[in-house]
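> Below, the features straight out of TrEMBL:
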type	residues	note
BINDING	A:T64, A:P65, A:A66, A:G67, A:E68, A:G69, A:K70, A:T71	ATP binding site
Number of protein chains: 2
Amino acid sequence: MHTDLEISKKAPLLPIAEIGKKLNINAEDLIPYGKTKAKIPLTYIDKEKYSKNNLILVSAISPTPAGEGKTTMSIGLTEALNKIGKKTTVVLREPSLGPVFGIKGGATGGGYSQVLPMEDINLHFTGDFSAIEKSNNLLAALIDNNVQNKNNSLGIDPRTVTWKRVMDMNDRSLRNMIVGLGGTTSGVPRETGFDITAASEIMAILCLAENFSDLKKRLGNIFIGFTYNKEPIYARDLKAHGAMAALLKDAIMPNLVQTMEGNPAIIHGGPFANIAQGTNSIIATKTGLSLSDYVVTEAGFGFDLGAEKFFDIKCVSGRLSPKAVVLVATVRALKYHGGIAVADLQIENLEALEKGLANLEKHIENIGLFNILPVVAINKFTSDTDGEIDLIRKRCEKLGVTVEVADVWAHGGEGAIALAKDVVATVEANHVKFTPMYDWSLPVEEKIDIIAKKIYGAKAIDYTSKARANLRKIERLGLSGLPVCIAKTQKSLSDNPALLGRPKDFVVTVREIEIAAGAGFLVPITGDIMRMPGLPEHPASEKIDITDDGTIEGLF
Amino acid sequence: MHTDLEISKKAPLLPIAEIGKKLNINAEDLIPYGKTKAKIPLTYIDKEKYSKNNLILVSAISPTPAGEGKTTMSIGLTEALNKIGKKTTVVLREPSLGPVFGIKGGATGGGYSQVLPMEDINLHFTGDFSAIEKSNNLLAALIDNNVQNKNNSLGIDPRTVTWKRVMDMNDRSLRNMIVGLGGTTSGVPRETGFDITAASEIMAILCLAENFSDLKKRLGNIFIGFTYNKEPIYARDLKAHGAMAALLKDAIMPNLVQTMEGNPAIIHGGPFANIAQGTNSIIATKTGLSLSDYVVTEAGFGFDLGAEKFFDIKCVSGRLSPKAVVLVATVRALKYHGGIAVADLQIENLEALEKGLANLEKHIENIGLFNILPVVAINKFTSDTDGEIDLIRKRCEKLGVTVEVADVWAHGGEGAIALAKDVVATVEANHVKFTPMYDWSLPVEEKIDIIAKKIYGAKAIDYTSKARANLRKIERLGLSGLPVCIAKTQKSLSDNPALLGRPKDFVVTVREIEIAAGAGFLVPITGDIMRMPGLPEHPASEKIDITDDGTIEGLF
């Protein structure tokens, strides 16, 4: 079997101007980065068009080590929609560079459903992550500089500073540190740490910003900590937001690349799906919708995490309205939810599958809460048996939901023609009337209550005393009207990663509530959230190499 | 008076393909980054051509707060050479982003002698610094990961690890820190810190590498520290060099931009001039020489630091041979060397100038040690008087050195026609027979001795006991045959920044000797070297902004 990198290298790449032409972008307007990547100017966003064209969200059941293939399915579906005559762009998140050197494969699809050039997209791409990193770390340097310099001091209490530095690297040693050592000329000692760049609030901000002035406003609104007099300090108090926005001059523009079958792909932004909104930028989505009839997009992790935030934060903030939802499941992942170990997933097991279907069922119900009937896509693996597929079909039929088997890994767009037709039928029937789950103006606890009970299926919500104190602080700062972006494990519908399938009668514990005032949401934390991954014993970097002619090898 | 940014914005920018065309680069071979920046593939390096064409080095007297304008002069001279019919490319270092938010202006020239687009070049440019940063920090993560993971352990003693992380930011709080806090899953606590990216050994390596295989070899040779058994550990022992080189896939290619008068400029790499070689990449210089009759380049700080390293490290390593040297001085800087305060430099003072000329004289002597007679360029300021200029002229004539006044800030190439003609005359007379100062195979102490006594003018060299121990370690590791890259203050010819003019009878103290085995040199340290600058009380970032249409303001 060939690796994704090997398959990707065999695909002929079109010059990026030709991809732009398919979207009616003038060649002279594209800002090239090499020959097969370009940025699209913000002037291509057209409200009339993006309001009219069709947004399709691809989400998935609760993720398992077996893999669901949400991105691969999004790409394959895009190829298929183009094949059946619908001008379609896939709009995705940018992969994080850090995990490339750890264990994880790329985030550019797989097999014959990939976006290209995969090695560039998985490494530095067009520099957006680096720009976000610099913008984030400039603010950190300005904070510590203000603490250091007595003559220009805001009186920041360094013990209250919540702003961390970021680096796009899996580097566990940077999680917790004491900086500012070395005497009076080298800063004031304090505890802090680094998160991975995708976890930066700047990433979340970039992905929610509509334009430069909105970007600057959000950057200025970043909450940093308190003065010794208990006054809140925001980035604007340090006059940081102008320079931070200047660093994002190019990063704000969405990136155009291509799928393996030569269709347009827009890849832009990559916020975490637990502590942030887990989906590409509003600018990217609107650009795609301004330039093509259909946009296929995905939201991180399972429907409960990524899609809920996609709907209640991104769609509400950007006034976007999806016309169809595809829910991806695999036989293997459903059996895993039914209690089967990874090693045994290739063996037919109808009993485990039956049990695991409870997870799929709950996600279908959840989608219904937004007034949407999904199309279920079974991402085909060679080990799937007819009996297993049939079992899923029957359950979906019982729930009144269309289901299709799609084999996009092996066949690209050809493997998702039936799925594409179902999606078009859904869109053309126009029966999706998207409704958010909650009104942003509700009290914070009520917003959490709605999501935890209705989406996760919790019976009650518990708040630690720290979380209660956070609620009072949020009230005092006048930030209660922000939506909630609940940080929860992706592995379970509950806040306990061990509870697979469809957990019931559990209590969700809110441990603390973070403020992302710049991004414009609150982050209730319900478990240990990893914001800086580590490397494994044998990092993937050991196998990555480059030949004398500059060809990268060993990347996945 | 207009700022450099305002002036630069008025200059009409040619499409980068047109600049490439001037160098006979096929448009389809250029790798564009936006419309006015591109990378040049390594295949354009042509040994026959780069050996034949003419390399001109621009250096300067010991720098002062008054400013000498070495980069501005290099750009203006390039414009002038093109005006008089010599096909010339200016080859420069890339500016560091960090200082842009501190005090310092950009490093892209000034007035009517700038390289463009200045705001892009001064910010992220084509991402080279970010790639170097990632490559450096991947190695750091792999080291700490190896210390953490007992099953894949090399037995590294974390107390001996000298490899630091880097960030392109002025952030003094990162100079000294303890990382790895937070318990068993978050690394092993140890002391370390961050340097600014330009100070990374990866930067020095990239700028000395000839191609990918040389790059990988040098990366593998990076010395990290010792095991508990006192065995040396190199980057290759962590199988790090392949992935580190892969991260530099694009960064290794030189960047093509343009001067204000539409001539080619290649800007690539920016190592420090104290702890590293302080000059652009060998690949950039050779690319320039392969594509044009003349290359004008500069080396960091004064002649004693940058140019000595340019000659003894870069030229020897890359087998390059300069055909002329331009030594830049200003009336203001010479008066500063004569003891005048910055505030009084605009007042005519022949006595102080006379005194300060000793600095110029010593640099001219030093250039002679390489068997080269320089051309002195007086970088004109409006406060210069005829009497002052005349005094410099007379001194130069006495020394048998050609001198020209050049006003490139106000007049671009037109301001340096006479200088350009002198340079051409020097090249065509072919009387420069470049000879390095020392043979790399000499003992380390002897190499230090030659530079400190002959170039700096020291009467003796003192070694601390730490430096003596370092010498023994270097001997034991078999690295004595590497050239020496002495880290010294740029403010004085001596190792004492307070000694202006031409200090005499001083002793240079070598405090320690660092190993840059990957770059391929040793770094004798003779004073406090700042590797991570801080921000001032009122950082320049407070004034930087971006308008709604994405135009940057307040950058210098």
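Sequential numbering from 1, following the chain as shown.
Even glycines carry a Cβ here, placed using N, Cα and C.
No curator has checked TrEMBL annotations; they are predicted automatically.
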> Within a 10 Å radius of its Cβ, which of these binding-site residues (A:P65, A:G67) has the fewest neighbouring Cβ atoms?
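Fewest other Cβ atoms within 10 Å, among the binding-site residues A:P65, A:G67, is found for A:P65.
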> What's the number of neighbouring CB atoms sitting within 10 A of the CB on A:E68 (ATP binding site)?
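There are 24 of them.
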> Note down the number of other Cβ atoms within 10 Å of the Cβ of A:T64 (ATP binding site), including every protein chain shown.
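Summing over all protein chains shown, A:T64 (ATP binding site) has 24 other Cβ atoms within 10 Å.
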> Long-range neighbours only, meaning 6 or more apart in sequence with Cβ under 8 Å: which ones does A:G69 (ATP binding site) have?
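Result: A:G110, A:V328, A:T330, A:N379, A:V408, A:W409.
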> According to DSSP, which of helix, strand or coil covers A:P65 (ATP binding site)?
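Assignment for A:P65 (ATP binding site) reads coil.
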> Determine the Cβ neighbour count for A:K70 (ATP binding site): the number of other Cβ atoms within 10 Å of its Cβ.
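There are 26 of them.
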